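According to Swiss-Prot:
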type: BINDING; residues: H22, H28, H64, E108, E110; note: Mn(2+) binding site
type: DOMAIN; residues: 26-160; note: domain 'Nudix hydrolase'
type: ACT_SITE; residues: C62; note: active site
type: BINDING; residues: E82; note: Mg(2+) binding site
type: ACT_SITE; residues: E110; note: active site
Amino acid sequence: MTIHIPTWVNGTLQPVEKLEAHLRGLRHKAISVFILRDGDVLLQRRAMGKYHTPGLWANTCCTHPQWDEAGVDCAMRRLDEELGVKDVPLRYRDTVEYRADVGGGLIEHEVVDIFVGEMPSGMEPVMNPEEVMEVEWTPLATLAQRVEASPETFTPWLHIYLRKYADIIFESATDA
């Protein structure tokens, strides 16, 4: 199935095939989700079959909305598809932009809607092995140190989020 994502071409938002957007480094829409619980953040290790950054640790969920799909709807859909997570309310935090080389001649140039949710105790993710090979609850207080200690094991965008946008993402993140 060919997936078309909202991409800016010559200043106009248009549906462009996802791989083409990455090969050309075109600016496109994306979402990122951070699920928290009791001071921890849920990280996922990307499946080895992913076409870029396989086997690297990332935030809870990140993807691209399909053409004409709202960011929050996309976030909820992918939480379910990747991690079997349903019915966790998400709060929009902000929209940020970054550009990163993700290897293999691919560039992520994303305008990202960031969402944060709180997973209740007793609820656990159920990994889709085509998308996720491992999950881990990591203390928010030590996440940046862990990424700094082993930078090659984390996605470029997680580095960027922690370096440039952590205050936006995590400030009052657990408030109702």
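Glycine too: its Cβ is placed from the backbone N, Cα and C atoms.
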- Item | Spatially closest candidate among H22, H28, E82, E108, the listed binding-site residues, to C62 (active site) (Cα to Cα) | E82
- Secondary structure composition of the domain 'Nudix hydrolase' (26-160) [DSSP: H/G/I, E/B, coil]: 31 helix, 59 strand, 45 coil
- Item | Alpha-carbon spacing, E82 (Mg(2+) binding site) to H64 (Mn(2+) binding site), which is rounded to whole Å | 13
- Taking the mean position of the Cβ atoms of H22, H28, H64, E108, E110 as the Mn(2+) site, which residues outside that list, in the same chain, have a Cβ no more than 8 Å away, listed in sequence order? I5, T7, K18, A21, L26, K29, A30, H109
